[in-house]
Amino acid sequence: MLAALTDSVAESRRRRAGRRGLVVGLLLALLAATFLLTLLLGQSFTPPQDILRTLLGEDVPGVAFTVGQLRLPRALLAILAGLSFGLGGVAFQIMLRNPLASPDIIGISWGASAAAVIAIVVFGLKGPAVSVLAVVAGLGVALLVYALSFRNGVAGTRLILVGIGVSAMLESVIAYILSTAPAWTLQEALRWLTGSVNGAQLGAMLPLLAALAVFGGLLLGHGRDLEALRLGDDTAAALGVRVGRTRVLVIAAAVGMIASATAICGPIAFVAFLSGPIAARIVGNNGSLPVPAALVGAALVLVGDYCGQFLLPSRYPVGVVTGALGAPYLIFLIVRVNRSGGSL
Amino acid sequence: MTSGAVTAGRRPPPAGRAHRLPALWLLLLAAALVVLAALSVAIGTRDVGLGDILAALGGRIETIAEAAVAMRIPRTLLALLAGGALGLAGAIMQGVTRNPLADPGILGVNMGASLAVVVGVAWFEIASAYAYIFTAILGAGAAAAFVYVIGSLGRGGATPLKLALAGAATSIAFSSLVIAVVLPRADIAGGIRAWQVGGVGGATFERIHPVLPFLAAGFVVALLSARKLNALALGDELAAGLGEHVAATRAIAAFAAILLCGATTAVCGPIAFVGLVVPHLCRLLAGSDHRWLLPFSALGGAGLLLAADIVGRIIARPAELDVGIVTAFIGAPFFIWIVRRQRVRDL
């Protein structure tokens, strides 16, 4: 009897793991296909063999510039930023057990963005210094929102509402700083208000890559503890998870990733918020979300940027596309939660 | 905890004094407005003497100082009107939705007006002041209806969290769309970007004149609906039992609020948080009777926006801080304070 039960549990576990592996594989394949498409097809078509030769370091006339300097950095930045937003976002959503508690809704992305704008426009800083400031500011805003919503413990509702208030203030800071900057910086302005991967350069991506490796590794390394937090703090503690320590670690890692990505491409609207729920929809009740969510995030930014560049009547930064896509989804989420009788 | 003790200690005044006390506060508020208006005319980037002010008020604009004062007069007037309209609109929205976080900015109504104006300018080439105002009111109305419907779906009706989220989502979507419309149009981008921060600088009597009928209609309808809002505050069932047409009351009051904030947004751009802060502060003075609360909110809103405008002129000298940024800095902490004060169950 017991043996049959453990067998069936083991069997269903294997099945779930199998399905999750399949989903991750499919997502990876989709990502690779989109990546290739963005390299091949821009304003003009570039034959695959030319791309291959460029990637191997040969100097193919014309292609070396369009692919090596324009398309490849852009696609890579889109993927890195998407991975960071997706992973950071889903970590917050799991930890706070609320899909709405994503860093872009509770103000963390806006904090990083405001810091980056001030660093660039007011102090004239560049490169890693901007990233560091953005990470510090993101952590600061996370702490502030957490502290402000603390009253006999943190309630998710209060945290989200406090975050909306803080975001509104930060947005007006950004709008003000930008309004003092000269008019020809409009493109730059849009980056900090909606997010964009325009002007990507391979060298500038190094801080982001480093942040993703360190913080992403940290997060995935604590994946089991994070999953346990989903069951509630008490249950997680009973399972042997050190709740306080895990929470601090998860916040630090997620904010670090989100803020480093924001420092380079601005707060790409809603990617952090959308990736988790979409991944959950695809994976189903089959366990761990972080890796699928990160892949979904990368796909969202890559596809969104491609649409913004080539499929719409005029060129838009990726944040405009994801912003216009994400808001209806947020509304759908509100409507669905209401239907199912849950309370927001 | 202490705040709970304080509110518990504040008893409602005995019936005989109930009408005298708010009336006194209302007079004080009006006096404060006069002082603020005087300050607003006197203070600015350029220091002016009393003689210049009196000369400019008399219609003379011969020296630079007199010209500066002459520019501050319509600006002061616009700040008073816009602030009054936003304060009143906020009080009505909080009454109609019975929701402490309702505000034309938070609920995305101002952003709706913005989007409508931007689309009108970019695609339909609207240029006349009346076309601006009509488009803005239309956009405000559509956004308000949309956010309210989304926020009140499902169990528990329009809870503060659902409304705030629906408003935030709608605002983000609308601002993405605003950017999408503006981006290919370099010819209108600069003007729209300046307008979107929200400000009363650069006001002229010619720009104020067209909104006056809309604001007047909004003020009258709003103040007339005060008694009905009192009935709504008792809850829908009780209000219906008292013979009120609940849906009609809501619609009329909301229409007034939309007129007020649509017209204001058309002239000043979206200004957030005035409608949130003012009714809460006024409730401390006037209690929750809308017959007092609405006039209080109108005067209080006028005072707050004017004060914010003056502060914006002082702290960034010789430049100016747009009033929309100052109100966001006053308003966002206040919003957080309200959120913290509520019990979680009520959110």
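The backbone N, Cα and C atoms fix where each Cβ goes, glycine too.
Here is what TrEMBL says about this protein:
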- B:21-43: transmembrane segment (TRANSMEM)
- B:76-93: transmembrane segment (TRANSMEM)
- B:105-124: transmembrane segment (TRANSMEM)
- B:130-151: transmembrane segment (TRANSMEM)
- B:163-183: transmembrane segment (TRANSMEM)
- B:252-281: transmembrane segment (TRANSMEM)
- B:293-315: transmembrane segment (TRANSMEM)
- B:321-339: transmembrane segment (TRANSMEM)
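Segment contact holds for the transmembrane segment (B:252-281) and the transmembrane segment (B:321-339), given three or more CB pairs below 8 angstroms at sequence separation of 6 or more. Listed as Cβ neighbours of the transmembrane segment (B:76-93) (distance under 8 Å, sequence separation of 6 or more from its ends, same chain) are residues 33, 37, 40-41, 99, 102-104, 107, 200, 203, 205, 207-208, 211-212, 215, 218-219, 222, 225, 229, 253-254, 256-258, 260-261, 263-264, 267-268, 271, 274-279, 282, 290, 293-294, 297-306, 309, 323.
Fewer than three CB pairs closer than 8 A are found between the transmembrane segment (B:105-124) and the transmembrane segment (B:21-43), and contact between the two stretches is not assigned (pairs 6 or more residues apart). Counted as Cβ pairs under 8 Å, contacts with the transmembrane segment (B:293-315) are highest for B:21-43 among B:21-43, B:130-151, B:163-183, B:321-339.
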